[in-house]
Amino acid sequence: MKAIHFGAGNIGRGFIGALLSKANYEVVFVDVNAQVIDRLNEQRSYTVLTADEDNEENVIHNVRGLNSRTQMEQVLAEIATADLVTTAVGPSVLPHLAHPIGQGLLQRNGAPIQVIACENAIGASSMLQEYTKASLSEEEWSKVDRVTGFPNATVDRIVPAQDHADPLTVSVEPFYEWVIETKSMKGEPPTIDGVTYVEDLTPYIERKLFTVNTGHAMVAYLGFQKGLMTIKEAISDQTIAEKTRQALAETKGLLVHKYNFSPEAHDEYIEKIFKRYNNPYLSDRVERVGRNPIRKLGYNERLVKPARQLLDLGHQPTALLAGIQAAFAFFVEDDQESMELQEKRQVQGLEQTVVEVTGLPAVHPLVQMIVGNN
């Protein structure tokens, strides 16, 4: 079996590619990074380290790479004979994959295939499906659509900043979760150990977004506000830890209301998340976790979405509000979005910036709360 994976970065190698290799797929990584691709082709393997006290070493075999800048014809040919296509490139890169994926799928012999976007965004595979459809004629899309599933997925594994002699080596936390929705598949689901298949992904997407991502953002933005350097330092601060717990209690109430999750099971999930944040071997910098604040303060994102939905239910998102306000003050010179955010504040003021970034009207109570308490 062969999987084509777009994105040979840390998540691609340390999570998706590693699981696919262990499931007996030959993994063909596609990336623009010539150094990584050349190294993959030289070594045909790489090492994944577990970021904990055991520091377990796993060698991932049966891998190679293609440079999408210089080897696009080969990329299309590989898609034509693949059993699975996956991505981990970042949501903003997905539009650029539509043309090669569409053209590669057109060359196939009619065997069913799944294209799974493993991105930190809701409905990423559906987005990729729309981009791919737009890149093809109606007749071409009809041919592709008959045998190609674009099942949505949610992925969760913290990959800390890396510093290894071998640029292919990657450290990852022990915990991971990869959940794939079955209802939009064509043909049988791929057999991959460690993957959970569900009929409806929405509850699992929001559980992760409103817990893992919300909590991570709270710790990062509140930690930055206090001048702390790492997630470990920030979560060790009693005030920040308590405020983050309060925020996750707020989102827990929302998730239990919307999806009937077991409150006890969700409490266990939250404790697992806190254990991950406290892992000294992950020790990510708050500046890195907090980057791209404009995206992370979006209407359907980790802080604003649960806060506005709680207000709709008549509940006050007090702790979430603290995280949102801290995010609007986030500024790191080498992060383009945080620089843009502070520029907007200086030029047009906080209220107009909040309206623009969150997509909420100025009269919305959440906008007034963000502006009023600053």
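Glycine residues also receive a Cβ, built from the backbone N, Cα and C atoms like all the rest.
From a predicted model like this one, the values you see are computed outputs, not experimental measurements.
Among the features that Swiss-Prot reports, NAD(+) binding site is placed at A3, I4, H5, F6, G7, A8, G9, N10, I11, G12, R13, G14, with the record citing sequence analysis. Annotation note: G9 (NAD(+) binding site) sits in a coil segment as assigned by DSSP. Of all Cβ atoms in the protein chains displayed, 18 besides its own lie within 10 Å of the Cβ of G9 (NAD(+) binding site).
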Original post:
When neighbour density is defined as the number of other C-beta atoms within 10 angstroms of a residue's C-beta, which of the binding-site residues A3, I11 has the lowest density?
Top reply: I11
Subject >> Cβ atoms near H5 (NAD(+) binding site) (within 10 Å, other residues, all chains) >> reply: 28
Original post:
What is the Cβ neighbour count of R13 (NAD(+) binding site) at a 10 Å cut-off, with all protein chains included?
Top reply: 29
**OP:** Quick one: give me the count of other CB atoms within 10 A of the CB of G7 (NAD(+) binding site).
**Re:** 25
